[in-house]
Amino acid sequence: MAPSNIVVQSSSTPPVAGGDEEFAPSVWGDFFVTYATPVSQASEQRMSERAELLKAQVRQAFDAASMDVAGLITYVDTLERLGLDNHFRDLIGAALERIGAEELPEHGGGLHIVALRFRLLRQHGIWVSTDVFDAFREDAGGFCSSLCSDDPRGLLSLYNAAHMAVPGEVVLDDAIAFARGRLLDIISKGEVRSPVSEQITRALDIPLPRFTRRLETMHYIAEYEHEEAHDGLLLELARLNFVLVRALHLRELKDLSLWWRELYNTVKLPYARDRMVEIYFWTCGMLHEEEYSLARMFFAKTFGMVSLMDDTFDVHATLDECHKLKEAMQRWDESEVSILPEYLRLLYIKTLSNFKEFEEILEPNKKYRMAYTKEAYKLCSKNYLKEAIWSNQKYQPSFKEHEELSIMTSGLPMLTILTLMGFGDEATPEAFEWVSSVPEMVRAGSQVTRFLNDLSSYKLGKNKKDMPGSVETYMVENGLTGDEAAAAIAALLENRWRILNQTRMEIDHTLLPAAQVVLNMARANEIIYLHGRDAYTFGADLKDLVTTLFLKQVLPL
């Protein structure tokens, strides 16, 4: 089943990057270098003190034993959507145990609560059967219109819950089709009020389990006060927390913008994309919590460097130069810089020096992680070279060949390792071994990334030097039109999301931090490639979202 947000029709007038064309310059320039945050240090201190007081009050109010199960389900969901769950993980864990152990009463408070419970448990890796939806289905197997159609919130919850499907769950295929059709009808007729109308529109673009957490929090804070039974304590804490986390993000973005300006101006590769603000937006979509600051910095810096390398292989270097760049990366030694053409030497030196700085930052007991990160980066250059060879030789790979290579060139395996390098002790040596082995979950996350990217390339047009993508290889191999092949790739994309859901529930708890990075990276890609756009390459497509996330005033405190 094709995901609802994918547009598979090709554009009649595609913008083309590559060859003699250049990527558009950054839409931000040095804006975040000079931007002065409206929150003073004194104000931030006062807000932090107030937030700590409110957290204590929430802990006192969060009495899982005294709440009924339906109320507990709603409370946990509210904490998560308001972006507060990282402050109450222990309480949420205990609450989920009770939610999973206790059955809801008959009809369980309606479709909304039944579906919400299903989604929450599955998102936390707790298996729950689709049998819970039997009460809302007819004898023939379809969903009962009389029970569901007059309940927009319930339909929305069903639609979101059904996107936690694993392969082969036909009941949830039916649920998606049923709920989507009715939600579209409701929106077109204007039959639902705010804020549910906005939540439906958002989910029809990207279902909640695939939507980035930070963006959902941004939207939900504005919507929550319009809920009939909203909790003023949670709302105040959520607003404070959002502003405090944003202040940290803006400091990080300023530091990264300064770092990137120095790097980009030093290496002098004008053919490469200048996209640090977009990279950082991507980063916050993956990990926004305060405790992951170092991981964000590692991710963003590495993403920037690998983007320079990727664009060199893709749109500028000759095949001979590609071979030399790959060989230099394998040797990983500044004394080998002479094998490179002059224009690539500074890129090579700066890459190695930045990795040295990464290692210096790591605590002694975490320096073992550098071996994994270097090997991942080296492997990335090998695979970029293979793509360059295919492109130069105009080789038409089989779909299987393309899929295997693109799992690695998606960047997800390498970037997962680089992100984990900035984690605390929860990222174990076993986690690095697991990601490095490219298990099924990492493969699925990489394929989500690649298929989204390739559907975008099909719609927008490819770089002149690009090798055939997933759509083109599938089209040639199966004798299909381009749009037919794109629809098939969209269906494969949906299947890979279901594999992600399944492997998340099966994984050993010691690997959960790494698994969550993989999931979050796939989520972040959904917003970058929404409706077939490529908001990384074409940064103007992301400008409004960046403005809203980092600059728009949160509702008055």
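Yeah, the Cβs are placed from backbone N, Cα and C, and that goes for glycine too.
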Taking 225-229, 310-314, 330-334 as the choices, which stretch does Swiss-Prot tie to motif 'DDXXD motif'?
310-314
DSSP-derived helix, strand and coil totals, residue by residue, for the motif 'DDXXD motif' (310-314):
5 helix, 0 strand, 0 coil
Measuring Cα to Cα, how many Å separate D314 (Mg(2+) 1 binding site) from S457 (Mg(2+) 3 binding site)?
14
Which residues in the same chain, at least 6 apart in sequence, have a Cβ under 8 Å from the Cβ of N453 (substrate binding site)?
S410, G469, N525, Y529, D534
Determine, to the nearest whole angstrom, how far the Cα atom of R450 (substrate binding site) is from the Cα atom of D310 (Mg(2+) 1 binding site).
14
Helix, strand or coil: which one is R450 (substrate binding site) in, per DSSP?
helix
Can you check which residue among the binding-site residues D310, D314 has the largest number of Cβ atoms within 10 Å of its own?
D314
